[in-house]
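Lifted from Swiss-Prot, the feature list:
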- 422: active site, proton donor (ACT_SITE)
- 618: active site, proton acceptor (ACT_SITE)
- 289, 329, 337, 530, 535, 619, 620, 654: substrate binding site (BINDING)
- 12-29: compositional bias 'Acidic residues' (COMPBIAS)
- 30-39: compositional bias 'Basic and acidic residues' (COMPBIAS)
- 41-59: compositional bias 'Polar residues' (COMPBIAS)
- 71-80: compositional bias 'Basic and acidic residues' (COMPBIAS)
- 132-143: compositional bias 'Polar residues' (COMPBIAS)
- 144-160: compositional bias 'Low complexity' (COMPBIAS)
- 195: phosphoserine (MOD_RES)
- 1-83: region 'Disordered' (REGION)
- 130-167: region 'Disordered' (REGION)
């Protein structure tokens, strides 16, 4: 089944020091052989790497006339870099198989497993010792060492596929701090999956000498040799043609503060101007948050929709569509938040006397970003349960703005299910000190969720399980530094499986109950739920960051199918927040965090498609350049899909003044046309690099 592939993880970063020590001598001899080979023939990726190492020996040896052999510690570090580079290639191969195939591979598959799986898929027989021969339908078993030759040639063929095209190598200085040094070194080891768009022409020589600017170079491998940067600039590649692909409607997310705290349009004239520009480039519509803290901000069941009515009328007059988000969370404190919109004032008053209405971590820190799911059925909000509060809010929207629903101006209603409107626990709060790529913490220590856990433990007959795990580290821990998330840790023991099943089921039950109410309210209108892209630590066994966020998705279990089935049950669309573009826009070390945004995305999308759930997407970080847009297109347009699967819509984040600038709006218009499946003329720009 396709879901088997969801568990295909890349190999973990297991730096076995003893093994590497044994390899140092052999690989040093290999350096010399490869230097000779590089001088003779030149251009394989392995030769380039060895050539770089020879340069490092020359530059790094004081006096210049000494031995080229580096100190043992440096050789060991070089060996580690080679190993990480090899594992990154393996992870990309696994990612491709996960995306396009259905192969029965073990969790920690290596390249031999990949070759064997491909051979078996092609009808060959592969024995446990690696002996490979055709099946009876293909021919007779070869004799002697021919199978080894076949296996070797297969490996050689796959390795040849990894060989990169010739690239310009530029050496310059300019590192200014150890942090920058580390950042560039890691970029030389791990790069995102190669694509026709993993490149960025260098427009000025200053880029070569500036690490801050070089961090934005896409697809350019940045290696470091004793305070020297080596930039490998891939050759120019033709952009993909998306003409004739299925039409994907494009929505632009409006500014978070488009409606002020008085429920009025903050800048009517400026907004109208921008909406007209969006209409002129054939954007389908806009997406807007309907903030609980604004509409029901002062008193229970007193709703003010005035500003939203004005906004919807303006959008309708321009013949645009609207996607609305029922935002039952606060705004402010998260990445990209530029305004502060708290929960309703009367809710905050209840929280001051009963802070257990908020999610709580093991240290007792409360998070007022949204209400705990433990009070969904607790009648503590001025005589109402949380579910009743959400239902009344949605019903008020349905009554007051019915005309926009009935005439189709509102094309989708997304139901906020947690922090940032996403279905997840607030496991990574910046306000409590979390920083990427920490594993986060479980958020189940308010008295209402604690009561639910106790009840679940009693029903299992193990009352001593009525507690959260005590060996999960802290917000910024890494999996291997904890007893719970490490390989073979407690997460996979009897108690761990019980706790994680309960923790994730609370999330699913919350979604199930609210979506049931939403379907009652909005009836025939399209509803949706948003899922985040929790990609860090995906290539470890435990998937720690996903576990704390409420997705029970370790390497031996599929945590997204049950969620997709719940959405399917209520006819809801799965709106997925895409994280792939972060590889381009952020200097985060994806290799060190063992993150794989594309793999997470494909697992979630396949879970949705397998259940028959429609999929919409939105980007998580702003992007105004062609390289970023092309990367997004790769993740939202499925050109080679035999079933012609496509998104129900794409929401672009977000409408800001920079988007409206001349060159940026031209690039965005190209992006919109490609999402619509229209032909786009390629205008080639010539860039000159001075070395």
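Cβ coordinates come from backbone N, Cα and C, glycine included.
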Candidates 619, 620: member of the binding-site residues with the richest Cβ shell (10 Å): 619
Query: Taking the Cα atoms as reference points, how far is residue 530 (substrate binding site) from the residue listed as 'active site, proton donor' in Å?
result: 5
Field: Under 8 Å by Cβ from residue 337 (substrate binding site), same chain, sequence gap 6 or more
entry: 256, 331
- request: Tell me whether residue 620 (substrate binding site) sits in a helix, a strand or coil according to DSSP.
  value: coil
Query: residue 619 (substrate binding site) to the residue listed as 'active site, proton donor': how many Å between their Cα atoms?
result: 13
Task: Measure from the CA atom of residue 422 (active site, proton donor) to the CA atom of residue 535 (substrate binding site) and give the result in Å, rounded to a whole number.
output: 15
Task: Determine the minimum-neighbour residue: among 329, 535, 654, listed as binding-site residues, which Cβ has the fewest other Cβ atoms within 10 angstroms?
output: 654
- request: Would you count the other C-beta atoms found within 10 angstroms of the C-beta of residue 618 (active site, proton acceptor) for me?
  value: 21
- line: Whole-number Å distance separating the Cα atoms of residue 618 (active site, proton acceptor) and residue 654 (substrate binding site) is 10
Task: Looking at substrate and its recorded binding residues 289, 329, 337, 530, 535, 619, 620, 654, figure out the farthest C-alpha pair and report it in angstrom, whole number.
output: 25
Message: Between the Cα atoms of residue 654 (substrate binding site) and residue 422 (active site, proton donor), what distance do you get, rounded to the nearest Å?
response: 17
Query: What are the non-local neighbours of residue 422 (active site, proton donor), defined as same-chain residues 6+ apart in sequence with CB under 8 A from its CB?
result: 530, 531, 532, 577
